[in-house]
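Enquirer: Sharing the features that TrEMBL gives for it:
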DOMAIN    B:97-289  domain 'ABC transmembrane type-1'
REGION    B:1-27  region 'Disordered'
TRANSMEM  B:37-57  transmembrane segment
TRANSMEM  B:101-123  transmembrane segment
TRANSMEM  B:132-153  transmembrane segment
TRANSMEM  B:165-187  transmembrane segment
TRANSMEM  B:208-233  transmembrane segment
TRANSMEM  B:268-289  transmembrane segment
Amino acid sequence: MTRSQAAAATVDPPPADAGPQPERAPDRDRRARNRLHRVEHRWALLFIAPPVIGFLLFTLYPIGFAVYTSLTSWNGLGPMRFVGLDNYVALVQDEYFRKSLWNTFFYMIGIPIGLVLSLLLAIALNRRIPGRTAFRTIYYVPVISSLAAIAIVWQFAYNGDFGLINQVLGWFGINGPDWLQNTATVKPAIILMAIWKGLGYSMLLYLAAIQSVPASLYEAASLDGANAYQKFRSITLPMVRPVTFFLVVTNIIAGAQIFTEINIMTPTGGPEFSSASVVWYIVRKAFKYQQMGYATAMAIVLGILVLVITLIQFRLNRRNSFSIE
Amino acid sequence: MTTIPVLRRGGTPAGATARQQPANRGVRNESRVTNTVLFIVLALFAVVMLAPLVWMFTTAIKTKTEVFALPPVLWPEVPQWDTFVRMWSEAPILSGFKNSFIVATTVTVVGSLTSAIAAFALAKMRLPGKNVIFLALLSGLMIPYPTIMIPQFVMFSRLHWVDTLLPLIVPLLFGNIIMIFFIRQYLESVPDSLIEAAKIDGASYLTIFFRMIMPMIRPAIAAQFILWFMTIWNDYLAPILYLNSPEKQTLQVVIANLNVEFATQRDYPLIMAASFVALLPIVIVFLIFQRQIIESVALTGTKG
C-alpha cells in the first residue's frame, strides 16, 4: 500500500520551478533556487518549532525564574521579597542542607561497587553458559521495575521484625537491626537496594562493550601466552573504559538527584535526618514549608553541581574519542 | 601433532583446524568446569536478584497473620488469591492505571512524532543555524529536573493545572531531546540524494517525512518509544508534586500512598499485591520487546 503510494508520488510531474533549467539565465536560476531554499527553511523551522518552543517555555524560562526566585523570600503565593544572596548564605549555615548533601554523596559509594559487580557479571555472561539469555533477563527485571514499587518492597524487606533480610539472617543465627530506623544502617540499606536495582543496566552496557572487542586481540594475546587475568587487565578493561566512564558520570548525575527511594522508604528523612537527600530536602522545603526562595536556591546549587559533572563528561569524552581514533 | 580421528566431528575440515584441536579440547574441558562453576554462581545470584520480587508476590497471597509469623512462612498455607480482587475495590488502583496509561500514551505517541519530525529537519533539511539550535536543545539535558521543578510548578499552578494530568503531559508533547538526538544519528546513514530525488519529484516535506522517513526510522522510534513509555510509567517525582486527589493520581503515586495509608493497619498483602500489579505491565512489555530494548540500551550506552 505505502509503497504504491510512494511510487505514485514519484510519477507526479515535477513542478515547473523545480531544479535548475539549463537554458535559463544564471541569476534567474539562482533566484529560483533561493526561493526553493526559503520554502525549505520555512518547513524546517516549522518542524523543529515544537522542541524549540518546549525548550524556551519549560527549560529556559524556568531557569531564569529559578535564578530570580532563589534571590527572594517567597511562599509561592504572596509577594516576592528580594533578599539578595541571603538564601545562599543561609544554605551554607544550614546544618540540614549540609547533612543532606553529605548523605547524597555517601549514596554514591554504591556506584563503584555496582560497576565492579556488573562487569564481573558481564564477563561471566559473555561465556557460553547454559541459560545465559534467561540470566540476562532476570538481572534486568529490577531495572525496568518501577522504583516506587521496588522501594515499597525493600522497605518491608528491611523491617526489623519480619522483613525478608532479617528472616534470612535469622537462618544463620544473626539478629539483624531495624535497618531503616538506625542511623548506622539506613544509608547502606538504601545503597544495597540501589545496587540491586541498577546492576542489570550496567551489566548490559558492559556486555555490549565486551562483545564489540575484536576476538583477534584475545587470540593474539593467547599466542603471546597471556593468562586470563592479563587478558582482562590489558584488553577487556581498556576496551570497556568508555562504558565505565559513561556509567560513572550518568550514575553520579542520577545519584545527585536521588529522591524516590528516600521519600518512600524513609518518609521523614530517616532517623536524625540520616537518609535525607538534597532533592528530598528541596521538595520538603518547597512543598511542605512553602519556602520557595530557599528551596530554589538549593535547587540552583544542585543544578550547578550536575552541570559541572556533565561538563567534565563532555571534556573527557572528547579526549576519549581522540585516543580511539 | 598427529590428528586424532575422534576429534573430527561435526564436519570439521581436517588439516589446519584439526591440528589445533587437541589444544582446543583442553581449553574446552577447562572452560566446561569454569562454566559449571559460573552457572552455579550465576544461578545463586539470580535467586538473590529475584527474591525481593518473589517475596512481594508471596506476601500478596499470604494472610495477614502469615505475614508476621515467626518462623517466617515461605509459601502461604492457603493462597489468598482474593487479595488481587479486593485491592481493586479497596484502593484507587484502577484509576491509577487509567491515569498512568493516559499520561504515558499521550506523551509518547505525540512526543515521538514531534521528536521524529524535528530530528528529520535537523538531520536532512537546510536551515541556517540548525546546528546551533540543536546544541542549544542538547544543553537543556544538563539541567536536572529538580532545578526547574519549582518554577514549573508555579507556572502550572497559575494556569490552575495542579491536580490535573496536564502538567505531566503538556511539557513532554514538545518532544524528547534524547529521542531527537538518537533519531538524528540514525538518519545520518540515509543518503541525502534519496531525499533530493524525492524533492525533485515534487514530494512535499510532509510527504517525504511520512512516506519515506517514517518507514525507515521505525525501528529507532520503536525502541525509543518503549524506553520512554517505561520512564513515564515509572515516574514518581513529578506526579507526586502535582496530583493530590486519589482519583487523579498515577499508579506510582497510588501505591506509594497505599504504603503510607495501610502500613499502620498492617495490610501488607494489599500493598504488595498493588505493587506487584504495578510492575506487571512494564515487565510484560519488556519480555515482548526484550530484543529491541536491550539493543537500544546497549547502543545508547556505548555511543554515549
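Numbering starts at 1 and runs along the chain as it is shown here.
Glycine too: its Cβ is placed from the backbone N, Cα and C atoms.
Keep in mind that what you see is a predicted model, and the values were worked out from it rather than measured.
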Enquirer: Among B:101-123, B:132-153, B:165-187, B:208-233, B:268-289, which stretch has the highest count of C-beta pairs below 8 Å with the transmembrane segment (B:37-57)?
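Expert: Comparing B:101-123, B:132-153, B:165-187, B:208-233, B:268-289: B:268-289 has the most Cβ pairs near the transmembrane segment (B:37-57).
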Enquirer: Excluding the flanking five residues on each side, which residues at least 6 beyond the ends of the transmembrane segment (B:101-123) place their CB within less than 8 Å of a CB in that stretch?
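Expert: Distant contacts of the transmembrane segment (B:101-123): 130, 133-134, 165, 168-169, 172-177, 179-184, 186-188, 190, 209, 213-214, 217, 221, 224-225, 228-229, 232-233, 239, 250.
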Enquirer: Going along the chain, which residues at least six beyond the ends of the transmembrane segment (B:268-289) come within the CB cut-off of under 8 Å?
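Expert: Result: 53, 56-57, 59-64, 67, 80, 83-84, 86-87, 90-91, 93, 96, 222, 226, 229-230, 233-234, 251-252, 254-255, 258-259, 262.
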Enquirer: Can you tell me which parts of the same chain pack against the transmembrane segment (B:165-187), counting only residues 6+ beyond its ends and a CB-CB cutoff under 8 A?
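Expert: Same-chain residues near the transmembrane segment (B:165-187) but 6 or more away: 99, 102-103, 106-107, 110-112, 114-116, 118-120, 122-124, 134, 137-138, 140-141, 152-153, 156, 159, 213, 216-217, 220-221, 224, 228, 232, 235, 238-239, 242-243, 248, 250, 296, 300, 303.
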